[in-house]
Amino acid sequence: MRSVLSLALLAANVVTAAVVSPFDYSGYKVIRVPTQKDNVKEVQRIITDLNLDTWKYPKSEGQNADIVVPPSQITSFMERISGMSMEMMHEDLGMSISNETSFEAYSAGYAPDINWFKSYHSYQDHISYLQDLQGLFRTRSEYVDAGKSHEGRTIPALHIWGSGGKNSKPAIIFHGTIHAREWITTMVTEYLAWSLLSQYNKNADITSIVDNFDIWVFPIVNPDGFAFTQTSNRLWRKNRQPNPNARCPGRDLNRNYPYQWVGPGSSSNPCSDTYRGAQPGDGTEIKVHIANMKRIASYHGIAMFVDWHSYGQLFMSPYGYSCTARPPTDARHQELSRIFAQALRAVHGTPYRTGPICNTIYQVNGDSVDYALEVLKVKLSLTAELRDTGARGFVLPADQIVPSGEETLAGTVAMLKAVIRG
């Protein structure tokens, strides 16, 4: 990582470090174009003709197109969308990234507190933080090296338990950062872990949750991709595993799970952001996570799995692979999704939509939620798209971390209380 450290120490025992990405997004714009029946095909053509990247691709009418436009294409793009509604998400994406990646470097050994959540952080600082956080609560938690990524990085996990000791209750599993550029998910899953540990025996609801479940938090499911977003390209999505006979590396790990692997919700093109891989479950990190989930399930089963993503402000249930099929537990999934969204909104007024993945966001093949439910027989399998709805998208300012954590914790606590009640 290339970084520049300030000379002044801050009050929270941190220093400011500006991380510069070799891919320069200066002058790039991110523009939202809402689609409807009379323009969706034209918007799709514009994206194809100008070879533009998208944060959100409009697969059907009514969906927003969030489009990344390089300086060389701005004039042509604006001419092509003349007469259409549009919203500027990032006037200068390079400037937005520069502001977001002014990290506060963590001092190893520093007692973790709310200050951690005032900034985004490097991969290695996340490892130090998780180890230090666990060190404060040694009798009811453990830091786990859950396995290695394709490039040999640790996939970290925190294991949290209450009365009865570890591996004595049904498990809750939280996944974050399976998509590398979704930095807010790293911070929010760590906020959940910090809250569950620090508020145990202080907050009755959190104490009850920790006493009723064995909790596993995996904040960085895709460490190679995450590190790559900090050193090379902030908007990278996939892992970094090479693809034989292809110039583009990486698999979309959330299209690589070995269940309903082939379909319109994934791609066979190695250069696509939704490339499913050469074989079901051939992603190095997916092999690690499947092995971990099977091991965790072998104790007392898995009560709930939640895969945290961004962006869109959605809380969703199975299925991703089909827009018509519903699991037998659909009503319960929908009930818990509504409980989560209502409790979350009560904190800062942030609205979330709920519903099955395929109907709420888009069709997805080979995803974690469907795999967990149907193959691992997890009782409740859910996924979230955290803040925001597109004003900033993947490049979410650091001042959104704490409110995102606060509201997500409230939604999660309310949902798990409902699970305990039955």
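A Cβ is built for glycine as well, from the same backbone N, Cα and C atoms used for every other residue.
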* **Binding-site annotation, Swiss-Prot, Zn(2+): partner of His179, Glu182 in His300, His309, His333** => His309
* Disulfide-wise, see what Swiss-Prot says Cys271 is paired with, picking from Cys248, Cys323. => Cys248
* To do: Could you round the CA separation between Arg255 (substrate binding site) and Cys248 (disulfide bond) to a whole angstrom and send it over?
  => 16
* When you measure from the Cβ of His309 (Zn(2+) binding site), which residues in the chain that are at least 6 apart have a Cβ under 8 Å away? -> Ile178, His179, Glu182, Thr185, Asn254, Thr383, Ala384, Glu385, Leu386
* To do: Compute all pairwise C-alpha distances among His179, Ala180, Arg181, Glu182, Arg237, Asn254, Arg255, Ser310, Tyr311, the residues listed as binding substrate, and give the largest one in whole angstrom.
  => 17
* If you draw a 10 Å sphere on the Cβ of Cys248 (disulfide bond), how many other Cβ atoms land inside? -> 13
* **Largest tally of Cβ atoms lying within 10 Å of a Cβ, found at which of the binding-site residues His179, Arg181, Arg237, Arg255** => Arg255
* Structure fact -> Here the Cα-Cα span from Cys271 (disulfide bond) to Arg237 (substrate binding site), rounded to a whole number of angstrom, reaches 11
